Structures are given as structure tokens and as C-alpha cells.
Ligand SMILES: O=C(O)C1=C[C@@H](OP(=O)(O)O)[C@@H](O)[C@H](O)C1
Ligand SMILES: C=C(OP(=O)(O)O)C(=O)O
């Protein structure tokens, strides 16, 4: 049975709206895991409520943590978390969440009993080899090189080489639990450049905020000292990557979208939207109400290496189809291993609406031309779905397949989009 189609609203006037984003997926899932491994009870405030976050909560509960929600609303929650001894014998559903499939195995490797991991059909295709090899080298018993697999610990830790060129999450996944390994860990990256470096800085910074000693002074080497993870009261920042489609709406319609609570300093890669969207023609300013992006009537094509901000690619590609000059996006070969093969999916869907895009070895080329309506398939990928919504603002008749897939990181997307178009403040 095919998924329902969502008629993407076409904007009839410039949007003028304030859009408050719920918590960052990446920060939420790191904070929940660190709190579950801490030396005492802690709190994670303004945590995202979404499929990926719920899968993380279920996984941590299955491994022995007590997680109690308070002040729950549809999209945000404060969690009171009491760590417990890490127990095995569990079955973990990772869904399609990279943060669950790459972060939780190291924690499971603390348990003496076997833990079984599986996920959505496409999750079985996402790369897992480097982190599973590393856990094996550090002393865990691991079956298989991809989902489904089992892990049995406890591992001891120590020194290991790992190729994180396929995903920064392999490295983050090892580092997040490493303070609890008997010997800590020294990881040396061995391979082509690592993508999504801001996410590694996010891991290191959050480890330090939770009291863990991390040495990242030598390029491509990370040392985590063994020791306790501190119990903290931690507040999650808004999700800046999920701000992307809304900020793009300001550009596409020549209006203004303001995102309150934009952090002054952050490791989130979405912060780079400020320069990326300015390069594509937006006016971007910090106002007392938040970060305001205003469309100037022009969308310029872009030549950009998006390796560091790979998860923004679908949204930037959507904007590029509506630009007045061609775009060339590079540095993102590894997003073929994201929720779907994003390079293939973007080319298929853009060209399916009459566009002109092609894959390169490590990215995309997009030559704007008039698009027509049609079905924009989402491939169970939240960022494909929101890319279709951006194009639909300017192209009548775009129907996004399975808009509910945005529930991976932003369950309220469709109603927030409607509110934005209504001019909500
Ligand atoms: O650590 C994280 O929270 C993430 C790291 C990145 O993964 P890759 O390094 O695989 O791009 C990013 O794309 C993903 O959305 C979230
Ligand atoms: C790549 C992404 O997700 P994941 O955490 O599943 O890797 C993403 O959100 O764009």
C-alpha cells in the first residue's frame, strides 16, 4: 500500500512568521545517553519528542535506565533520568535513527549479557561496519557487520583505529560511552576526511559538560579517560537543522521567518545556515526576537562543500532548484548512506518534477528550470519530505508522499508549516 500524499501548500504571499523549533535531535540523544550512563540521577530539559528520541528512550530503558517524563507537551519534554547497572538480555529497535544504531551499541557492550539490535528495513543498509569492528577490537563479542547484530560485553577499551569517513557517528558512538570502559579509549581515525565534524565537536563538548576528560589536541586522535560521567541538569538547544526548511520559506516567498532562541554559540551544524542562506541571497540578522531570515527576491545558486553540514543537503538542494543560477554541491558522498541514498533520491525527485539535476562523485549539480507539479517521494526520509515542502511553496501541484515521516525528528512539521503560512507569531 502506498503512503498518503500531502498536497504541499503553495505560498500566495510572503510569509511573515515566528517559528519556535523543538529540541535538537543530535543534542537530545547525546544528553539522554550521557544521563543514562551518569554516576547519579539527572535531568534533560526541553528534550525533543520524536521517533528518533523515543527510540533512544526505549533503548536506554531496555538497558536499565529509569526515564520519567515530566512537563510533557507534544514536541518537548523534561526527562528525570536515574541510571542503573547496564543490563543485557535486551532487544533494541533502532528504527532508522543513526544516533540510536551508532551510539547505543557501545553502551550495550558494557553489559555481560547479549543485546540484540535491529531496525527498519532500510536501516539494515546503513553502514555499521567501522563501529562494530572497533567494539570487537576493544573486547566485545559482536555478530555481523550490519543490522541485525548482537553484542556481548563487557569490553575493556583501550586503543583502536577506526575509519569514520562513512559517518562521524561511528566516532561519536565510541566516544560517548568510552569513559565507562575500564581503560577508556584512544581512537585514531584512519581514512579519508571525516564528514559532519561539528557533530564530533558536539560530542566532545557535551562529554566535557558531563565531566568527562577528553583530549582532542592531536588531529584525528581522540583520547577519553576512564572515569565517572557526571550527573547533570542539562537543557537542549532548539534544532537548527530543522529550522532550515522554514528559513528557506522566507527566501522562496520573499518574506521573513524568525527563529527564537537561536544560540549565540553552538556546535550544531545548522548554525551554518546563517552563512549558507546569506550566500544564496538572504538577508540574515540577529534580532531581539531571534534569528531573522528575509528573502530579498533573489535566490542565487551556490558552489559549496557541505561535508561539515551534510544533513542540510536535501534542503539546500531544494532551494537550489528555485535559484536563478546553477549550483554545485560537493563533499557529501557519504549521504548515500543516510536515511536513504540522498543523492539518488534528490536527483530522481527533482528531475521527476521536470528539473535538471545529476549526481557527481561526491555531490550534486542542479541547473534550475521551471518545475511542474507531481509526486515528490520521501523514501522514509524526513529531510526529503521537507525538501518537497520547500519546492511546493513555489511550484503548484507538488504532493509529498508520507509527510508523517517528518516524525523522525519533527512530528509537528505539517502543522508548523501551516501555521507559518498563516503568519503565526
Ligand atoms: O551525530 C549526529 O547527531 C549526526 C551526525 C551526522 O551524521 P553523518 O556523519 O553520518 O553525516 C548527521 O548527518 C546526522 O544527522 C546527525
Ligand atoms: C542523517 C540524519 O539522521 P541520522 O541521525 O539518522 O543519521 C539526518 O537527520 O539528516
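Glycine too: its Cβ is placed from the backbone N, Cα and C atoms.
Bear in mind that TrEMBL entries carry predicted annotations, made automatically and left uncurated.
Across the residues of the domain 'Enolpyruvate transferase' (11-415), the predicted structure has a mean pLDDT of 97. Residues annotated as domain 'Enolpyruvate transferase' in TrEMBL: 11-415.
Taken from TrEMBL, the feature 3-phosphoshikimate binding site applies to 25, 26, 30, 167, 168, 169, 196, 311, 338. In three-state terms derived from DSSP, residue 168 (3-phosphoshikimate binding site) belongs to a helical segment. Less than 8 angstroms from the CB of residue 168 (3-phosphoshikimate binding site) sit 194, 195, 196, 197, 199, 200, each of them six or more residues away in the same chain.
According to TrEMBL, the phosphoenolpyruvate binding site annotation covers 25, 98, 126, 169, 342, 383, 408. Counting only same-chain residues six or more apart in sequence, the Cβ atoms lying under 8 angstroms from the Cβ of residue 98 (phosphoenolpyruvate binding site) belong to 126, 167, 169, 338. In the three-state DSSP scheme, residue 98 (phosphoenolpyruvate binding site) is classed as helix.
TrEMBL lists 311 with the feature active site, proton acceptor. Sequence-distant neighbours of residue 311 (active site, proton acceptor) (same chain, 6+ apart, CB under 8 A from its CB) are 196, 241, 269, 335, 338, 383.
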### Query
Do any of the recorded positions 126, 168, 169, 196, 311, 383 touch ligand 1, in the sense that the CB is under 6 Å from one of its atoms?
168, 169, 196, 311
### Cβ under 6 Å from ligand 2: qualifying binding-site residues of 30, 126, 342, 408
none
### Task
Could you find out if DSSP has residue 338 (3-phosphoshikimate binding site) as helix, strand or coil?
coil
### Task
Pick out which of the binding-site residues 30, 338 has the most other Cβ atoms within 10 Å of its own Cβ.
30
#### Entry: Rounded to the nearest Å - Cα separation of residue 30 (3-phosphoshikimate binding site) and residue 408 (phosphoenolpyruvate binding site)
16
#### Entry: Cβ contacts of residue 408 (phosphoenolpyruvate binding site) (under 8 Å, same chain, 6 or more positions away)
50, 51, 52, 95, 96, 97, 339, 382
